[in-house]
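Lifted from TrEMBL, the feature list:
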DOMAIN    19-104  domain 'Disease resistance N-terminal'
REGION    153-176  region 'Disordered'
COMPBIAS  153-165  compositional bias 'Basic and acidic residues'
DOMAIN    186-267  domain 'NB-ARC'
DOMAIN    353-423  domain 'Disease resistance protein winged helix'
DOMAIN    606-664  domain 'Disease resistance R13L4/SHOC-2-like LRR'
DOMAIN    724-867  domain 'R13L1/DRL21-like LRR repeat region'
Amino acid sequence: MAGALLSSICSLAEKLLPAIQSSASAPSSSSIPQIDVVSVGDDLRLLTATLARIQATLLEAEEREIRDHSVKHWLGELKQVAYAAEDLLDEYQYDARKAQIMSNYNLAKRKRILVRNLSLLYRIPHDMGDKIREIRIRFDEIAKDREALRLREEDGDRRQDRDRSPPPTCPLVDESSLFGREKEREEIKLAKIVKGERIFVVLDDVWNEDRRYWQALSAPLIKAEMVTILVTTRNEQVARIMQTIPFFHLGYLPHDKSWLLFQHIAFGCSNYDNNLNLVEIGSEIVRKCDGLPLAVKSIASLLKCEWDEDFWREILESAVWVSNDGNEVFSALQISYAHLPGYLKACFLFCSMFPQHHCFEKDLMIRLWIAHGYVSEGKRSLHEIGDGYITELMQRSFFDKCDFSKERNTSMFKIHDMVHDFARYISGNEHFVMEAEKLPDNTNEIFHLYVKGYVGLVRSFFLGSFTDLRTLVLDASFEETTNDHIAKNALEISQSASTLELQEGGVRVLLSVENVEQLCCILSEDILHEQKQNVLALAKNLRALVLRGESRIELLDSIGNLKHLRLLALDSYNFAQLPEQISRLYNLEMFTVCNSPLLVQLPVCLGHLISLRYLSLSYTGIRKLPESMFLLDNLRTLILDGSQIETLPESICYLDSLNTLSLIYCKMLKYLPEGIGYLVNLQFMDLDYSGVVFLPESVHRLTSLERLSASLWVRTSNKSSGIGVLRDLNNLRGSLSIYGLANATNLEDFEFSSLRNKRNIRSMLLSWFESGTIVPKDIEELSLKLVTGERNSLVGMDLKVLESLQPHPSLKRFEMHGYRASMFPTWMGDPLSCASLESICIHSCQFQNPLPFCNLPSLRSLSIIQCNNIQTLISQESLPVHLHFLYLMYCEQILCLAGLNYIENLVRLYIHGCPNVQLPLDNPLPSTLEMLHIDGCRRLRSFAGLRKLTKLDDLTIARCPMLQFTRDEHISSVPSNIEITACPGLAEWCQEQSINYEPEA
């Protein structure tokens, strides 16, 4: 965690250094004390150099802190000074941004114009140089102390590079890729030993992630007759490198099996039935192990042959679970932790401030990591990088997957109790959960605090002193009778709380609060009214404020004094008003308000939040956005899902950095701004279930757009407002549905859409109906409906329209409804134009000729539904031999399915409601079938090949009154799922086959 903090400070210093140097030329008043800008710049450079040297030793230091208290104390001092440095640099950045806003405002006021991106030279405060120099000296002293601890500067680099050194070359290679060197081949001893042998190798607890080592190990074994290698690892990436078959995740032991293992080790052959107290305590210990075999074994070993109940209870309630006294669990987790990259260590330890059994909301946790600087910038967005951190921690078995929260529809994860205890042990009092335990004597050691909402514990918390607190989480359902008392005690809290979590009605709420200034408002409306500003003055270093609950929430004007605030998140049904002073949070990067229908208005100067990157106002009563929004140059994400927004201001079109615009369920919003096309960096726009039904003409300029999720109407009269608006949106991905093609009158508009250039569209539905069945929405979808104009009665127009809507060859799924022409365009049967097409569904179409899909190389699934004019499905001479699934439903005129035996990979055959279909006896069913479903084929007399269906697992035959089998046509093995219904000709056959027959459907 220290490494992540130092990296954040170095990055911030590098960003501020040019501004500080430029400030030398800034105009100044004679009343303002002058400082040596060059000296300040030199101090900053020396500071970053010192931090770089300290950082080089952190890898060894963080490994040694687990067992060396001196190193642990050194790291604690380092973090104290690091936080002070971060706050100082951050305060300068805040004041510079404040000056920029004021200059913008004054210039705009004088000239009555809108001013954006005004460069500003900000004069350095007179005391900043002394503060930087003082902090640099403190860092220098800490750097000297590392010599006494024998932490060498090269240790970090040496240890990090050690794993990157090339592996030793192996003299053993695959002979199929070796030319010459016959003599050397004969000298390979291990290959000779294993030649012709059957070998079973067990590689336990593997950590290597370098594929080259694995190749060097496996090369000598190729001469063996058979080699089986069993690998165990705690890192999923290792499994992926070494796997030749799907790897297997070992789950936790059930409680009863865990108890058997525990009693076998702890009690041995002794009779423990006479001591029911030990059984009860032991059962609680096993429950705390939560199915982790290593934990059960380790703790049971400590209790072996010990019959003292007090000792057992002490083990149950103590920290021995992760002590360093020969504990196998500790040793195993320590190895896993040591292999974590530094950026993951900080994120992992941060989670230890929450209690056991806590279900973490993924998106919220990522935003908290970002607010504290734990997520490093890269090519992807910070949120995507943070999501990758969670995935990697899951792969390394530190996090476990959790079910989606049904209440909030968000992705969750959890941490095993033993892993959580280990994290608590590593972080010490830095991350503290106050539930049944008291606060430590020195509360200044606590940087991140979680408080359970029992009245006595909360009272104790407010009596503590937390001078360096960065994160506060309060999980509480307070009783009204205790609110006044708690609010009075709140005066005792000290400065810089950063993250607070409330629990109201069973919902966990993360609350980063300006210490208790907001908390006092929540708990009591009348108490401490005149002293609120004094309380706020103590909260200098807050980084995040997140509040959820059903209580009445009021933010005071003094919230604007939170200079360091990065994350502000409010989630409360009763939240009704935002103070105008919130626009003074110039360092605020993430701001969310959700589930607050009483909030109907935003501060006029919201645009002053010039650092804002993420703004979400989901499910609020907000009806409009302030015009000052145009100042949010850094805004990348704007989410208004479920709000009462009625119009979007034209000023929103100046947000050059906007990447995501989400307007899901904004039913009051009817139109988008005409200038929406100026958002040239917009990649994701969600309009699902909103009131927007028409796109403005300028949409065609959104060439960066990747996802447009919406159900829209398009006019057919001209290309500027019709489907032609898609012409330049070649980065669109997901699925595309177009309805009402029978209304098409302007063929040029369809040609102008250029669908063949949209390589990322994976699924397409074309319908000549006004609406219809949509392909499964497992990916984002753009749904368009053609309106206006009279219905086109020219069937020939359908062929031209379909020809003009040719997709890119990367299309994987195609569905077509209501096509009226008897022929298909040439691209539909072209193996190059449909090279990637895997699934085709033809529904309610009027073609008569055989389908042209026989030469499509990737086709795996074919569905024909309600196509009543078709008589022959596919010509027998050329069949889609790679087909896996064939579905034929309600095609009344189809007469023959010939040539099925040529489809060598057919797995599922589904024929339903085709009364005239016949299966020729000289064309037996393919032996690869696993599912056969025939229903409602009234004139079907027989079919062949049933006895060869050795893989058949699902057989349904229903309502086929004329169907009969010969005695020779039997089933080699009865499928696990079989149903024969309303087929009187099969009753006797079923009896002979010992199959249950149902005479009525």
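The backbone N, Cα and C atoms fix where each Cβ goes, and this holds for glycine too.
Helix first, then strand, then coil: DSSP counts for the domain 'NB-ARC' (186-267) stand at 39 helix, 12 strand, 31 coil. Per DSSP, the secondary structure of the domain 'Disease resistance R13L4/SHOC-2-like LRR' (606-664) breaks down as 13 helix, 10 strand, 36 coil. Using DSSP to sort the residues of the domain 'R13L1/DRL21-like LRR repeat region' (724-867) gives these counts of helix, strand and coil: 29 helix, 37 strand, 78 coil. Secondary structure of the domain 'Disease resistance protein winged helix' (353-423), assigned with DSSP and counted as helix (H, G, I), strand (E, B) and coil, comes to 32 helix, 8 strand, 31 coil. Taken as a whole, the domain 'Disease resistance protein winged helix' (353-423) shows an average pLDDT of 83 in this prediction.
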